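Before any comments, here is the structure.
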Amino acid sequence: MSRIIKIFDTTLRDGEQSPGCSMNLKEKLEMAKQLERLKIDVIEAGFAIASPGDFESVRLVANEIKNATVASLARSTEKDITAAYEALKGAVNPRIHFFLATSDIHMEYKLRMTPEEVLEKAVKMARFARNLCGEVEFSAEDASRTRPEFLYRVLEGVINEGVTVVNVPDTVGYTTPGEHFKFIEAIRHNVPNIDKATISVHVHDDLGLAVANSLAAIQAGAGQVECTVNGIGERAGNAALEEIVMALKTRHDIYQADTNIDTTQIYRSSRLLSKLIGVKVQPNKAIVGENAFAHESGIHQHGMMANKETYEIMTPESIGLKQNKMVLGKHSGKHAFVDKLSSLGYTFTSDEVVELFNQFKVLADKKKDISDKDILALVEQKQLAIPAVYSLDRFIISTGNTISTAATIRLRKNGDLIEGVSLADGPISAGFKAIGVLVDEELTLIDYGVEAVTDGTDAQGEAHVKISDGTHFYHGRGLSTDIIDASLKAFVDAVNQMLYIQETQKEKA
Ligand code: KIV
Ligand code: ZN
């Protein structure tokens, strides 16, 4: 008989805490809304005590998300657990997720506690958390390297206090599929009250085995898996959500397990995350890489034409990668535009529709066919907009391969116009240099890239710029049919992101 495996997404916590993957408040909320469309069971929104920004993002996600459980991580202290509870108060289904390390190495060197002290603390904090919140999850950090008999006692103790989800992380990505299967099976057989809780797994990918280990755990009886979109996370990352979900779906004959996930939202979730954090998905990545459904070789193409199943074990449509033939153009009216927005899952107020429709018309003047990807890019740009100090008013760049490039940039700063000129080797560096002089902030360019949103010579270019103020990274985006325009906008956006985050942190302090 088929079981339902609960999907616990930690993109906004374990994923977001990894270097170069940070998101601002608005971006986290946008991602959470997409996770809700994906029909995630549990969204771990952050680690409330970690910083005022983290607290705020857990609170915001908890207040906005209605169809998923919202969790916050907490260490095993009353202060942490109380902060998690406070941030989650507005959630329809809140879950406190607290953790304590149980392996000898962590207890001795990190916690400096004896096993008996750890057991006592876990039980005490379980009781404390349960008094605050109806749903509590406990994670035995480094569980896969914990002495089994001790782990069983800790799990039994917290379940006795009303914890209903016990997570046994492979924190350092050390285990293997066969070992993990036996590990979960042994927990089922040796923890006397395990029938009162769901066993959850949370596997890191240090040996590239996170998905295989998660699937082995499911076969052994785990009922929840913790994972992230695109597999982002600490070090080598966490188990990739899309790979677990599609493996369960495609090999239902083996796993006999379903999820509640709407798989047609997978591609969009992957793309949105990649855009938010400015980290590209590798082309050959399973399920969501650009090449995952591409068939280059003649033999493959021939087979595919005769019967798709010769080389295709799942369809691109099943992850939402459909070749939508219904394109819009400059003669499309507002009705068709609104229909398209709602077929993509968006509803907007009439003022917002007017604003988007105007942008669509401007784009349609430059580009013959407007595809779903173009419309998504416009929508995402609107949804992620932050209060901007600077905007790009105009630029004039003269360039060539025998002259040095001169860029004249005019910015609007809080309504006033400011203009500057710079010389450099090429149009992008001259433009960036001129903007750098105008904004007069301490910043270093860390990364820059531009890619086409769709195919074709009139495609929109989407530029990404990552800058640093020496403490944090800030990621800006720019969209235009002209790649220089897109690049300059992305640089200005990165500066605005930096000023926005610096300002919100000042307000919180
Ligand atoms: O990897 C890990 O052990 C964790 C826990 C805090 C759940 O992220
Ligand atoms: Zn982790």
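Just so it is clear, glycine is given a Cβ too, placed from its N, Cα and C backbone atoms.
What TrEMBL annotates here:
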BINDING   D14, H202, H204, N238  Mn(2+) binding site
DOMAIN    5-267  domain 'Pyruvate carboxyltransferase'
REGION    391-509  region 'Regulatory domain'
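Here the features listed in TrEMBL are painted onto the structure.
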residue: D14; record: Mn(2+) binding site; DSSP (3 states): helix
residue: H202; record: Mn(2+) binding site; DSSP (3 states): strand
residue: N238; record: Mn(2+) binding site; DSSP (3 states): strand
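A Cβ within 8 Å of the Cβ centre of D14, H202, H204, N238, the residues given for Mn(2+), is found for these other residues of the same chain: T10, P169, T171, V203, D205, A210, E226, C227, T228, G233, E234, G237, A239.
Residues D14, H202, taken from the binding-site residues D14, H202, N238, are distinguished by a CB atom under 6 angstroms from ligand 1. According to DSSP, the region 'Regulatory domain' (391-509) comprises 39 helix, 51 strand, 29 coil. H204 (Mn(2+) binding site) counts 25 other C-beta atoms within 10 Å of its own C-beta, drawing on all protein chains shown. The Cβ of N238 (Mn(2+) binding site) has 32 neighbouring Cβ atoms from other residues within 10 Å, across all protein chains displayed.
On the 0 to 100 pLDDT scale, the model's mean across the region 'Regulatory domain' (391-509) is 91. Neighbours of H202 (Mn(2+) binding site), defined as other CB atoms within 10 A of its CB across all chains, total 28. Neighbour density for D14 (Mn(2+) binding site): within 10 A of its CB lie 24 other CB atoms from the protein chains shown.
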